[in-house]
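Colleague: So Swiss-Prot lists the following for this protein:
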- HIS16, ASP164, GLY165, LYS166, ARG230, PHE231, ASP239, ARG245, LYS246, ALA262, LYS266: ATP binding site (BINDING)
- ASP18: Mg(2+) binding site (BINDING)
- GLU44: K(+) binding site (BINDING)
- GLU57, GLN100, ASP239, LYS270: L-methionine binding site (BINDING)
- 100-110: region 'Flexible loop' (REGION)
Amino acid sequence: MAREFLFTSESVTEGHPDKMADQISDAILDYIIERDPNARVACETLLSNGFAIIAGELKTTTYAPMQDIVREVIREIGYTDALYGFDYRSAGVLNGVGEQSPDINQGVDQAGGEIGAGDQGLMFGYACKETDVLMPLPITMAHRLTQELANARKEGVLPFLRPDGKAQVTVQYVDGKPKKIKTIVISTQHDPDVSYNRLKDAVIEEIVYKVIPKELIADDIVYHINPTGRFVIGGPQGDAGLTGRKIIVDTYGGSCPHGGGAFSGKDPTKVDRSGAYAARYVAKNLVASGACEKATVQIAYAIGVVEPVSIMVDSHGTAKVPDEKLEACVRDLFDLTPRGIIKTLDLLRPIYRKTAAYGHFGRELPEFTWEKTDKADEISDYLKIR
């Protein structure tokens, strides 16, 4: 008998307060790393009603105009009017960033140009054949919905929308394969004078139907559009925002484990970020090579230690060879030292603001080098699976 279940993932718009915090942290990182590629950055942002606080640690030779960066990000997101509950012009900005501890730095910067891991930790990467970008279907569709909410707002298609918003997608699986979308939840901030029925109809017509393929929509699909009935107060006025509080949205929507480390505001010597990008790169290339239909990759590090302390590959029973051979392949073909990851993926560039909304994985932008499948042929040759 066919095994059937429902699986749900969510995404949030760039105007969600937690995502605002992520984008501010990464905008600061980009500004610094563009001028000082060897900088060490750990930048955290807190947003609340009318103010932003920047905290963390830096080791850099450059100066970053924190207030200007923060205000520009808020403006670009769309908080340009006090009526929205947050305004880039009037928001207070407090800079509490300090210097990086020399105790940490001596373990990261090592003799001979080697880089030790910036902290201990474990990271996961994942890939599967549910979508053309080798990502799970629920998180892929959720991201497309939230991105279209922002597009419709910025392009004036739905001028009554405001920046804050969320989407959630529930997918029916049969024997492990996605079949239909059964439920879509969308909550979007809006002007106070738009009627509920107009908003609901417009969101389904201009957002859902525009990005969700018709063949995926179940005949009995349920839509929950602003299910509370009203969403005028939003953004940092409605909820505080913090860097690193949307780690499942940032990754795979719950389809695989998460090591717990956030990404935004961290330079690539922090393996929370670069290790997770490398794990995605490995997993995606394993699947693209034809070695397996699905791959979960775990990498773990110790602070100040160059080589990973462990590498694990789980093909979920879909591989053409034993998982031990996949692990040997990964060890032989991928340099998973912090320095090796930074070099392979070209991570000392100002590319991080783009990652901070709508997912770090599954978007094949030129800057997202971890999405390339340039190792697939090498893997298939190594495993002799052609």
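Any Cβ shown, glycine's included, is placed from N, Cα and C.
Keep in mind that what you see is a predicted model, and the values were worked out from it rather than measured.
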Colleague: Rank the binding-site residues HIS16, ARG230, LYS266, LYS270 by the number of other Cβ atoms within 10 Å of each Cβ, and give the residue at the low end.
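Modeller: Least crowded of the binding-site residues HIS16, ARG230, LYS266, LYS270, by Cβ count within 10 Å, is ARG230.
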Colleague: Are there binding-site residues among GLU57, GLY165, LYS246, LYS266 that sit within 10 Å of the residue listed as 'K(+) binding site', Cα to Cα? If so, list them; otherwise say none.
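Modeller: Of everything listed, what lies within 10 Å of the residue listed as 'K(+) binding site' (Cα to Cα) is GLU57, LYS266.
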Colleague: For the ATP binding residues given in the record (HIS16, ASP164, GLY165, LYS166, ARG230, PHE231, ASP239, ARG245, LYS246, ALA262, LYS266), what is the largest pairwise C-alpha separation in angstrom?
Modeller: 36
Colleague: Going by DSSP, is ASP18 (Mg(2+) binding site) sitting in a helix, a strand, or coil?
Modeller: helix
Colleague: Nearest to ARG230 (ATP binding site) by Cα, among ASP18, GLU57, LYS270 (binding-site residues)?
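Modeller: Among ASP18, GLU57, LYS270, ASP18.
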Colleague: Distance between HIS16 (ATP binding site) and LYS270 (L-methionine binding site) at the Cα atoms, whole Å?
Modeller: 25
Colleague: Sort out for me which one of GLU44, GLU57, ASP239 has the most neighbouring CB atoms within 10 A, since those are the binding-site residues we care about.
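Modeller: Checking each of GLU44, GLU57, ASP239, the winner is GLU44.
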